[in-house]
Amino acid sequence: MDGSSLKSAQLLEQMRLHLATDAGKELTKKVGLVYQLNIAPKKLGVDEEIFVVDLKKGEVTKGPYQGKPDATFSFTDNDFLGIATGKTNPQIAFIRGAIKIKGSISAAQKFTPDIFPKPAKL
Amino acid sequence: MAMRHLVTGQTSCPADGASSSNNPLNAFANALLGQSSKTPALKELPGSVSVPSISDFGTAAPLSTIPGSENEFKQDQRPLARGADFIREGPVNDWVESFRPPGVPEFGAAESRFAEFDQIYNNAGTTFGPPLDGPPQRVLSGVLHSFLASGRAGVPFQPVPVPALGLSESDKQCIRDRSCIMARHILADQPEEYIQAQVNTLLHSLDIDNRMRGPMHGQYPEMEEYWNQSQSSMGPASMHNASDKWITEFGNQNNNPESWAHSFEQQYGPNGWASEFEQHQSQMAMGQMGGANMANLAAMEQSRMLAQTLASNNDPKFQMSRGELIIEDNQVKQGSASQSNGWADEFQTQYNANANSWVDQFAHEELSQGADKWASEFSSEHHQGALNESWVDEFSKLNVTDEWAEEFSGGGFGESSADPWADEFQEQLSSFKQSSGASRGVYVFSEMNPYVGHPNPMQEGQELFRKGLLSEAVLALEAEVLKNPENAEGWRLLGVTHAENDDDQQAIAAMMNAQEANPTNLEVLLALGVSHTNELEQGEALRYLYRWLQNHPKYGGLAPPQSADSPYGPDVVRLFNEAAQMSPEDADVHIVLGVLYNLSREYDKAIASFKTALQFKPQDYSLWNKLGATQANSIQSADAILAYQKALDLKPNYVRAWANMGISYANQGLYEDSIRYYVRAVAMNPKADNAWQYLRISLGNASRADMIAACDARNLDALQKEFPL
């Protein structure tokens, strides 16, 4: 996550730490799927940075997944943050064309705000 | 009339892809026949003039309203000269010239139809009402132009001195109504307050008082009758040539929208489009009220079913029009990014109207049987309709059409009907509107403010803030800064209050104003740095924290001025560490360091910095909260809760700390507990959107879906009763 200027990178860093906690381990048991996130700074599909949220192994890494992720999402920095913090409903974002999804739909459906830790505010 | 039909009939089938409105024969015919045929027609009503010419535009005009279609493209690119030359030779020349608004060089061929319209309206004006000819008309159109231009450019409209125009009451009424509608339309992405302010400025310039719509004028009974017919259920409004003129000018100024304006006027009568907007306004308003809107829900259901049908239909015509809409949809989104793209921009503002004519055309061309019902559904719910189109497109890309659609309707997401989905959609629309205003740093004032007119709102605000009545303090301070916009301290305290009330967007907006009034206030700079950190906006945060250092009387010398624009994180940290060595007992330096380490996600160092600062400022509740938040973000939730507790002991109404408590419990998987804290936070500040969102998530996680409805309705009583702390 270092060196990324995306806002999402901060949240994903928190996610990485979160997965080491008891609540995070619970999450890997419950979901058990691998998501690849292609996050664009401004415009969908342009200058994407790729992250993998591996809820099988319980880790977050930068770069494409080695193998086939259960679902791959493409969205912008802001849209991802909106989804992760519950501001944006993923279905609505999908309908608006703000998310592109590849892979299993049932896996995609489990990609909801509650898998992400919430950032506390200073 | 028949001859005109014959000639203009050609417009619907341009042979070589040339723009239909570019047809010189058509322009000529319109000019000639339009002039000779209007005299008898005008004996009746202006609206009725347009009726016989429906066949002229019924097919051609809607075609060109689809952005991205060939016609549009050509219209944009084509030099205007050819058409202009032609029309200059026609008998209509003088008419056209006399109507050329200032600032618009020539009427192109594309405008020739408008020229005809102008004549009609001009004549109507002389027949039915006082004309706005001569200088006053020029003045008026000039003012309206600059209003439109400022709206599009996104800059506030500047009041201009205008000589007395001698407008009649009905003129004023009309301008007032139309400018409200136009402003809402052009400034659709702006907050309501801003729009109203703009309209007020405009009306003030024109010496029109902005009272609410008056009773209908009884001067022209025939017209009223027609008017009532044409819009059946709409409220009062009046029709006049001055404002119709405005539409015309608006059209002329932007090659594109005339076609939609035309098609609309053809279909709904001259004022139809306005009523159309009003309908949308009221619809939107209804939707935003959040109540169960049965009509909407039914239509949502309808369009969902339609989408399924479309998705499984392989008719190539369907596929094509779907593609067109997708292009529209994309353009809508890009419109805001690339302002240079004239029609995309335009389209964004005229989105509503276009969607309608698309539907009409679609119904005409593709589904003559049985299409009416859904087409009208669509036109009343075109927002959702258009979105559903892209949804369908997604399906075809995914190749999982049916399965997904089934899952979707079958409640694969945990909610079993379309209703919550529809609700959410409405919510989404409104929240979208809100956030787009706030994220630009525009401060959004409360609508009803009892402190406006208070003799000393500043003192009152400080008092309320001290008492911990944050939401109340916000109102008093808003009244203060409305009275004294240059009061930096008023803005600063307002920003602090918002931050403590867990609303960083408003905090940033207020602090920006404070900074404008006093660019070197250290507290303001630090607060901006913190709020931007919370919004995860690293670059902004760094800039403000760096400026803090630059403007500090003691450490300013440390900061080289050249890197102020884009300071490099590690450099800034190094400079602050130097400052900390200079005076190790300055708590503020350690606070800024703590924020900086949060930015670079070095949480252990951040915690150490805040702890150091707390040694010198143990009573600073916001500092305890900063420590807690840092601990929470580095997954030391148990410690974080102790720190928050400390903050709350010092300031029991600290909404941010309550919300952060909730977050800590939620992140530990203790959802039931988190709910109680979120409820406490939103009870103290019902405008804390973040806390509402988190509350909703926690309710879902805690298997308390039964309370989600109460959360969506923001029913505090029910929530507080169910989840007492």
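Just so you know, the numbers here start at 1 and follow the chain as drawn.
Cβ coordinates are placed from backbone N, Cα and C, and glycine is handled just like the others.
A TrEMBL annotation is a machine prediction, not a hand-curated record.
According to TrEMBL, the repeat 'TPR' annotation covers B:488-521, B:587-620, B:621-654, B:655-688.
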Mind checking which residues reach the repeat 'TPR' (B:488-521)? Cβ under 8 Å, same chain, six or more beyond either end.
435, 438-439, 441-444, 458, 461-462, 465, 470-471, 473-474, 477-478, 480-481, 527-528, 530-532, 534-535, 551, 622, 651, 654-656, 659, 681, 684-685, 687-691
Could you pull out which residues elsewhere in the chain have a CB under 8 Å from any CB of the repeat 'TPR' (B:655-688), counting only those six or more residues past its ends?
470-471, 499-503, 621, 624-625, 628-629, 632, 635, 637-638, 640-641, 644-645, 647-648, 694-695, 697-699, 701-702, 704, 714, 716, 719-720, 723-725
By DSSP, how many residues in the repeat 'TPR' (B:621-654) are helix, how many strand, and how many coil?
27 helix, 0 strand, 7 coil
For the repeat 'TPR' (B:587-620), residues assigned helix / strand / coil by DSSP:
27 helix, 0 strand, 7 coil
